[in-house]
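Below is one structure, written out as C-alpha cells; comments come after it.
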Amino acid sequence: MSNIFTDTFAWLADPQQWSGSSGIAVRLAEHLQYTALVMLIASAIAVPIGLYVGHTGRGRVAVVAVAGALRALPTLGLLTLFVLLAGIGLMPPVWALVILTVPPLLAGTYAGVSSVDRNVVDAARAMGMTELQVLFRAEVPNGLQVMSGGFRTGILQVIATVSVVAYINLGGLGRYLFDGLVLSDFPQMLGGSLLIAGLAIAVDLILALFQRLFLSPGASAKPDRSQPAAVDLTDPVTAEAVVQGGTS
C-alpha cells in the first residue's frame, strides 16, 4: 500500500507528466473547458426557469419533482444512452452532464429568489417598480447569496462527474482514471483522482472567497436576530435602501 502512495507522488512530481499533448496541464485545461461548457448550457436552462418560479410562485411542485427525478439519474447510464442515440462526440456527454447539473442550479435560483423577505418585495412594488424591476433590482440582488450556493454545488458536481467523458475517449483529468484502469496503473489512477479532488477543492475555495468578498448578504426572509431593530418600510428613503441593499 505504501508503494502505491510513493509511486503516485512520484508520478505527480515527474516533469514529463506535466508536459506534452497528454500532460497534466493539457488535461486540466480540457477538464475546465468541459466544465465551463456544461455550466454555461445548464445555467441558460435553469436560471430563467428558477427566476420565473421564484418570482411568481408558479410551478413550484413541478420544479421540485423534476429536480428530484433528475438528481436520481445515474451519470454513466445517462452518458451511455446519449452516446447510443447520438454517437461518439463531445455533445452527447455534455448534454448528459447538463441534465444532471440543471437541478442544483434550478433549486438554488428558485430558493434564492423566494428567500427574499416579502416586505422588501412589497416595498419595491409600492415604489412603482414593474415586475421585471422587482425581480432584477430587489429579488436577485438580495438573493444572490443563496443563488451562489446552488452555483457552487453545480460546478463542483460537474468537476467531479465530467471525468466520465474519458469513458468515450475524450480528454480531461478522467483520462488518467480510465487509462490507468486499462493498464492496471494504479498510481496513475490515484494521481488522477487526487488531481480531480484538488481541482474541486481549489474551485470551491475561490468561489467561497468571491462570495464572501463581493456578494452582499441581502435581505433574507429570516432576519438576523442579532439586530432586532425593525426597518420602517413606510419611509420611502429607508424602503429604497432596503430594496437595493443587495447591490451594495
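Indices start at 1 and increase along the chain as displayed.
Glycine too: its Cβ is placed from the backbone N, Cα and C atoms.
Not measured: the values here are computed from a predicted model.
What TrEMBL records for 32-207 is domain 'ABC transmembrane type-1'.
The transmembrane segment annotation in TrEMBL covers 34-54 (among others).
Under the heading transmembrane segment, TrEMBL lists 61-88 (among others).
Annotation source TrEMBL lists transmembrane segment at 94-113 (among others). Beyond its flanks by at least six residues, the transmembrane segment (94-113) meets 34, 37-39, 41-43, 45-47, 49-51, 53-55, 60, 63, 66-68, 70-71, 73, 75, 78-79, 81-82, 86, 135, 139-140, 143-151, 153-154, 157-158, 161-162, 165 of its own chain at Cβ-Cβ distances under 8 Å.
Sequence-distant neighbours of the transmembrane segment (155-178) (same chain, 6+ residues past either end, Cβ-Cβ under 8 Å): 22, 24, 26-28, 30-31, 34-35, 38-39, 42, 75-76, 79, 83, 88, 90, 92-94, 97, 100-101, 104, 188-189, 191-193, 195-196, 199-200, 203-204, 207. For 155-178 (among others), the entry in TrEMBL reads transmembrane segment.
Here TrEMBL flags 190-210 (among others) as transmembrane segment.
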